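Have a look at the structure below, then the notes.
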Amino acid sequence: MNRLMILVFAAVILALASADEDVDIAKRGVPCLCVSDGPRPRGNNLSGIMWMKTGGYGGNGCPKGWHFCGKSRGFFSDCCKR
């Protein structure tokens, strides 16, 4: 079971890292919670997109035209918003 979870996690990371920037960039990736989403009594909106940190992006891990919007930075990824 642990091997299956590791395999699925690795597949998600590879899918996020290979996301093509020019093909509907806002719909790729995993939704994440931005600071501006805030706590709400009926649940939070996930308006950010989780981006993998790669060499082609800025120091914050977000693509051009996007900004970091999360509460804390991840080791492999950041929550970014357009």
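Heads up, the Cβ atoms here are built off N, Cα and C, so glycines get one too.
Since the structure is predicted, the reported quantities are computational estimates derived from the model, not experimental observations.
Annotated signal peptide per Swiss-Prot: 1-19, in sequence order, evidence recorded as sequence analysis.
What Swiss-Prot lists as disulfide bond is CYS32-CYS79 (among others), and the listing cites similarity to another entry. For CYS32 (disulfide bond), the same-chain residues 6+ apart in sequence whose C-beta sits under 8 angstroms from its C-beta are LEU46, GLY48, ILE49, MET50, GLY70, CYS79. DSSP assigns CYS32 (disulfide bond) to a strand in the three-state reduction.
Taking the Cβ of CYS34 (disulfide bond) as reference, residues of its chain lying under 8 Å away and at least six apart in sequence are, in sequence order, SER47, GLY48, CYS69, GLY70, CYS79, LYS81. Residues or ranges marked as disulfide bond by Swiss-Prot: CYS34-CYS69 (among others).
In three-state terms derived from DSSP, CYS80 (disulfide bond) belongs to an extended strand segment. The feature disulfide bond is assigned by Swiss-Prot to CYS62-CYS80 (among others).
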Output the one of CYS69, CYS80 that, of all these disulfide-bonded residues, has the highest number of other Cβ atoms within 10 Å of its Cβ.
-> CYS80
Residue among the disulfide-bonded residues CYS62, CYS79 whose Cβ has the most other Cβ atoms within 10 Å = CYS79
